[in-house]
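To keep things clear, I will list the structure first and then write my remarks on it.
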Amino acid sequence: MTEPTNTLPNLGAAELAAYIDHTLLRPDAGAAEIAAWCDEAVTHGFKSVCVNPIQIPLVAAKLAGTGVGVCSVIGFPFGASPTAVKVAEAAWVVAHGATEVDMVIDIGALKDGRAEAVRDDIAAVKAACGKALLKVIIEACLLDDEQKALACRLSAEAGADFVKTSTGFAGGGATAKDVALMRRTVGSALGVKASGGVRTRDDALRMIAAGASRIGASASIAIVAEADAASTGAKGGY
């Protein structure tokens, strides 16, 4: 799906699961499916369950005491809400149990060169997050490399905890090249989340090899099943 990486890390199913935000952002996802998603996350040890804001109270209740994080998107998927709306949305999801917030930047402002507006938008949401982690979605497929790097720098300056490649709703997803650029830009100061189009074990491992510290995926079960099969095959091979 993306540029090959020569050497992939050797991660077992449990190790790989710990990188993954088990993601369900379809607008037609109902309560039963969301609840099952939470059960899967607990069973496999995924890092968090990532859902739309309206589902956060259910997810927080289902995951209470499990150690699995509760992640909400805001300003999603276009990032085109006024800052005050993003702040209200962030405050609401945190009040209802979100431990992580994935926001979309003001993409138009970034492309217009209005860096201060982008930084202020992120900083305001960060303040509303309190102790919750903030991941900033830069929507890399809509940006050139200079804009990608700028978005990462502004996120760091605004106090974000992670930068994230994609919403998965803009026609492009994570690439190893973009992840590597983002990692070079933020260094070790921030996490880097690869999301959008990560569907296989090798996809996930390429992202991690390029510098990702978190993976967003809806194909999480298939990814860890492949990792488990690869590990079993290696142990049982001749």
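Backbone N, Cα and C atoms are what each Cβ position is placed from, and that goes for glycine too.
Feature annotation from Swiss-Prot assigns active site, proton donor/acceptor to ASP102 (among others); the stated evidence is sequence analysis. DSSP assigns ASP102 (active site, proton donor/acceptor) to a strand in the three-state reduction.
Taken from Swiss-Prot, the feature active site, schiff-base intermediate with acetaldehyde covers LYS164, and the record attributes it to sequence analysis. Other Cβ atoms within 10 Å of the Cβ of LYS164 (active site, schiff-base intermediate with acetaldehyde) number 30 in total over all chains.
Residues annotated as active site, proton donor/acceptor in Swiss-Prot, with sequence analysis given as evidence: LYS193 (among others). LYS193 (active site, proton donor/acceptor) carries a strand DSSP state (E or B). Contacts of LYS193 (active site, proton donor/acceptor) defined by a Cβ separation under 8 A and a same-chain sequence distance of 6+ are given as ASP21, ASP102, LYS135, PHE162, VAL163, LYS164, THR165, ALA212, SER213, ARG214, ILE215, GLY216, in order along the sequence.
The DSSP secondary structure for LYS164 (active site, schiff-base intermediate with acetaldehyde) is strand.
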